[in-house]
Amino acid sequence: MMKKETKNIALKRLSEHLSEKKLRATSQREIILGTFIDLGRHTTAEELYEALKKFDSSIGHATVYRALRLFVDAGIARELNFNDGSVRYESVIGKEPHDHIICKKCGAMVEFLDEKIREAQDEIAKKYGYSIKNRSHILFGICPKCRR
C-alpha cells in the first residue's frame, strides 16, 4: 500500500474516531499522524517528536504522547514493548497482523507471519471464550550474528 493511500485511510479512521468520541480534529494531530506514517517503522514517542520538530516546533512531547494514545484507540497504531525500556508504535493500516522476534543482545528485529501460530492463538481464545480484538506476540532470543 502506498504511503499516500495509507495516510488517507489513517486520516479517515482518525476523523471517524474523533467524531465518535466527540473530540475535535486539529492540524497538530494530522501533522503527527502524517509524520508517524511517513516514518514507516517501529518508532518511539521520542523519535516521532524529534522528526516532528523539523515541521512544527510548537508540538510538544505531551501532545505527541496523547496523539499516539489516540491512534492506538482509533485502531491506526499498536503499542509494542520490546523490553528495551521504551514503548514503540507501529501503524496497522494495510498490514497483515504479524509477530516479532528480537535479539536480546543487539536489538535486531524480524517481523514474521505464521499461520500455525495464528491458528493456535485462535484456539486458545476459543477455549477460554474470548473474541480476539488484536494480537501481539513477541519472541526474544539471540540472533545468528550475535551467536558467532
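Backbone N, Cα and C atoms are what each Cβ position is placed from, and that goes for glycine too.
Residues or ranges marked as Fe cation binding site in TrEMBL: D99. Per TrEMBL, Zn(2+) binding site is recorded for C103, C106, C143, C146.
TrEMBL feature annotations superimposed on the structure.
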residue	record	DSSP (3 states)
D99	Fe cation binding site	strand
C106	Zn(2+) binding site	coil
C143	Zn(2+) binding site	coil
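Taking the centroid of the Cβ atoms of C103, C106, C143, C146 as the Zn(2+) site, the other same-chain residues with Cβ within 8 Å of it are K104, K105, G107, A108, I142, P144, K145, R147. C143 (Zn(2+) binding site) sits 16 Å from the residue listed as 'Fe cation binding site', taking the C-alpha atoms as the reference points.
Around D99 (Fe cation binding site), the same-chain residues at least 6 positions away in sequence with a Cβ under 8 Å from its Cβ are E111, F112, L113, D114, I117, R135, H137, I138, L139. With the fewest other Cβ atoms inside 10 Å of its Cβ, the least crowded of the binding-site residues C103, C106 in this structure is C106.
The most densely surrounded of the binding-site residues C143, C146 is C143 (count of other Cβ atoms within 10 A of its Cβ).
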